[in-house]
Every structure is written in structure tokens, then in C-alpha cells.
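Undergrad: Here it is, the structure, as C-alpha cells.
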Amino acid sequence: MVNTCLIIKKTGSSSLMFGMHFGNNIKRITKRIDVVVPLFYGNIKAGEFLNLMEGLKFVLVFVLLALAASFASASDPSPLQDFCVAINETDGVFVNGKFCKDPAQVTEKDFFFPGLNTPGDTSGPVGSNVTTVNVAQIAGLNTLGISFARIDYAPYGGLNPPHTHPRASEILVVVEGTLYVGFVTSNLANGDNRLITKVLNPGDVFVFPIGLIHFQFNVGKTNAVAFASLSSQNPGVITIANAVFGADPPIKPDVLAKAFQVDKKINLMEGLKFVLVFVLLALASSFASASDPSPLQDFCVAINETDGVFVNGKFCMDPAQVTEKDFFFPGLNTPRDTSGPVGSNVTTVNVAQIPGLNTLGISFARIDYAPNGGLNPPHTHPRASEILVVVEGTLYVGFVTSNLANGDNRLITKVLNPGDVFVFPIGLIHFQFNVGKTNAVAFASLSSQNPGVITIANAVFGADPPIKPDVLAKAFQVDKKIVDYLQKQFWTDNN
């Protein structure tokens, strides 16, 4: 039984209900009919499906998907401490999210997940496999508003079928293969549901806004692999075909026949040989949030014009002018120069690179590390938690807690190998250090469209104008000459 915590907040506005015309959405996807047929796999062949569509007066018209908007926040509850590692004990009391483990009992294992370098089995009917890394796998993700996934696609049509995440936007990077991806808007002012698509190659990045129907389809002759990050510790997933035709108990055929404008005898439910269940529907959001502003529409593609007016975030582009380019970034498969003083290079993909990230509360990065000591030096992200996966090499990583009850700042560390995942909670000082003899590469996602970065050494000793040496000498309990020396160094940025 799913326990939901419904929070109602009075506002001066009317409630919003977003009804999506699912039939119209699928009509647009049928520009690529080979995407749709596996969706209702079974005895229905592509040609038969086209004939069926031609015989329908109105094809696949809408099923309302109960995606309600929250006025307070559509994001996860914000942390009020360094971390709140999840436990499953409730003693009959239920909350939005999870209860916290005693901080004294927390270890590095609570922020760690191994094996994301292992291919998933794609022999199933739709030819894809999603390995999720959310709060169920990493208890330390509780309250941090982010999770991760690896998606494997079989050659010649492996499909991650049309689905939604009710609580998260998604940012995806292709590691191997070629994917045809897209999402469908909710009803625009003219009543249309617009399909926005793009073909992605290795290193390409694409964004899927929260709650919208989206898919990925392998158009290549080889296996494909992608990594995705989502802006919730527990994004949920609603696979459209499964939810509509595989509900338990089933939706009445009369309802579906009328909604899809088909004869009741056309029983698409029998074509679904295996039904994937709903994953934790619509938990309510908290009243307050320290996360990014929540979207009140499908997307708010950023523009830089302000006309002298400034807002928290960015102004929106006219939706009619939006294209797939506003959700796309190429080249994240290209190694970066690590010859600088710290031996690392961070390629950021935030709202400055992808304007479609505005209001979606997520961003991405590639980090390259030189052999034998390449370092992403101690730094913080004032507005984001971070989840990192190692793709190549071996990294020694860690973060430092803020003052605990006993006044200590605790260091939590772990050595990571390819496929390992680690979490750095929002605002805490953290680092990664290449302890291997070869180059290392990691991908990271952050729970803000604009996380910010404060590299500790640069900020303290390289501030402009400089912090007074007397202040630093006393703070670090060193001779002022040491401070003078450090402030004269040329502090560089690895971003």
C-alpha cells in the first residue's frame, strides 16, 4: 500500500490541472512508427498498426494523466542539516520522504553504489534496461533532490518507451551509440501537443522537462548506453502503455474505448505480455524549499534580455520560438586538457550552455583528471548536491561535514572504480583525486540549473580584493608571511 502525504496550501490562484492529450502525443510520435509498435508489443505488427490507425476516425485521443501542480514547490524536501541518511523504520509514522539515521552511525557506504559499468540485459520485449540509483539504492540521497540511472539499449530499435517522471526533470548524456529522443509538450495555447525531437550521438546531452512524456530509441546497429540524472531522490516512472492498458485492476474497456476512439473489441491489453507496475505515485511536496524555482509550465527556456528587470533565474523565451536546440549540448565525449596546475578540467553543462534547463533544477558536468594525482580540489556548490559516476580510472573522493554536535568536522572518503557512484551533499566541501596511473573521467549531475562553485583555496587566498593577511593569519594560525606568499600565487580555475 502506498502512503501519500497530501499537503494543501491556500493561494489566491485557482488550482491548476494539466491534462495531457495522450492520443495527440502518440500521433506525433508516429512520425517514427517503429517507436510506437514496440510500445504495444505482442501480435500487432507495424503494417497492421498503420492499417488500424487509418481506420480510426480520431486516433488515440486523450487519457488524462493526473499530474497536479504544487504551488509551494515541485521539488524534494530540502535538507536542514548536512545529510539525512534514509532508514526504513517508521513505527507507524509516515513522512514525505524518509526518516534519518543517527548521524553518528553514518559511513561512506551510505553514499556509495557500485557496478554502473555493468551492461544491463536488453533481451526483453522493448529492448532496453534501466538501472536506477535513487534513494532505495543510496540511502544518503534522502533530501538531496537528485538521483541517477544507466540505460542500455539493444541494437536496431532498443526503446525506452514513452514515459513520464512525475517528480523530476531528466538530463541525459549518450556514452555509446545513436539515439532518437524526444518529448511531447502538454497542451499549448492552441491546443496542440508539440513533439520536440533530436538524434543524439556519443557526448551529446539532452534535457527532458519534468512530467512530460518522453522516450529514447536506438536507431543504430550497435548497443547504445546513456547515463541520466533526475532532479528527485525518488523520481517515479509512469510507462504510458503499461499504466493505461495494464492497470490492476484494469481501467474499464468502455472508458478506454471512448478515450482512444476505438472499438471495444480491439483489446490492446492482451498485447501486453508483462506489465511493469507504477513506481510510487505523486508524493506531495514540502511547504518550503531551498531548491531552484519550480516550473509552472512545460518549460521556461532562458533568455538573457532583462530590460533592467532582474529575477531569481532567467526570463522565458516565447514558447512558440523554442526548438530542440534549446535542450541540447554536444561534445561531452571529448577529453579535456588536464595540463593545468591541479591536473583536472571540469566541463559544465548548466543553464548557460542549455537554456532549456531554466527552472528544471538540474545540471551536468564531465570531469577529466590527469594521471598520478589529477585533482578536482576541495570546493563547494552552494546551491546543489552532486551525484558522480566514474567512467574511467580510480578516484579517491571525499567530503567534510559541517560542525557536528561535538564540534568535529568529519571526513567521509571512498576509493571509486569505473561504474561506482558517490554522493556529495549540498554545500559541503568535497574533492576528487586521481590515485591511478592513467587518465580518469567522471560524469556528475547537480541538483540546480546553476549550482555555483567555490574552490576553497582560490576563494580564501585569491579573492579580489584580497582578504586582509591579518585575518587569514589568525584564522589559519600561521605566520603572516605564509599568507602573503599564498596570496601572491596565481590561482587558476579548472572549470
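Each Cβ is built from the backbone N, Cα and C atoms, and glycine gets one as well.
All TrEMBL annotations are machine predictions without curation.
If you look up TrEMBL, you'll see Asn376, His381, Glu386 marked as oxalate binding site. Under the heading Mn(2+) binding site, TrEMBL lists His379, His381, Glu386, His430. The disulfide bond annotation in TrEMBL covers Cys300-Cys316. Residues or ranges marked as domain 'Cupin type-1' in TrEMBL: 114-268, 330-484.
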Undergrad: Average the per-residue pLDDT over the domain 'Cupin type-1' (330-484) and send me the rounded value.
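TA: Mean pLDDT for the domain 'Cupin type-1' (330-484): 91.
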Undergrad: Could you state the whole-number distance in Å separating the C-alpha atoms of His379 (Mn(2+) binding site) and Cys316 (disulfide bond)?
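TA: A Cα-Cα distance of 31 Å.
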Undergrad: If you measure C-alpha to C-alpha, which of Cys300, Asn376, His381 (recorded positions) come within 10 angstroms of His430 (Mn(2+) binding site)?
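TA: So the list is Asn376, His381.
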Undergrad: By a simple count of other Cβ atoms within 10 Å, which of Cys300, Cys316, the disulfide-bonded residues in the record, is least packed?
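TA: Selected from the disulfide-bonded residues Cys300, Cys316 on minimum Cβ neighbours within 10 Å: Cys316.
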Undergrad: Taking the Cβ of His430 (Mn(2+) binding site) as the centre, count every other Cβ atom within 10 Å, in any protein chain shown.
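TA: There are 22 of them.
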Undergrad: What other residues of this chain sit with their CB within 8 A of the center of the CB atoms of Asn376, His381, Glu386, the recorded oxalate site?
TA: Ala365, His379, Thr380, Ala384, Leu388, Phe424, His430, Ala444, Leu446, Pro451, Val453
Undergrad: For the Mn(2+) site (His379, His381, Glu386, His430), what does the 8 A shell look like? I mean other same-chain residues with CB within 8 A of the CB centroid.
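TA: What remains near the Cβ centre is Thr380, Ala384, Phe399, Phe424, Leu428, Ile429, Leu446, Pro451, Val453.
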Undergrad: Measure from the CA atom of Cys300 (disulfide bond) to the CA atom of Asn376 (oxalate binding site) and give the result in Å, rounded to a whole number.
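TA: It is 32 Å, counting Cα to Cα.
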Undergrad: Between the binding-site residues His379, His381, where is the Cβ count within 10 Å the lowest?
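TA: It is His379 that, of the binding-site residues His379, His381, has the fewest other Cβ atoms within 10 Å.
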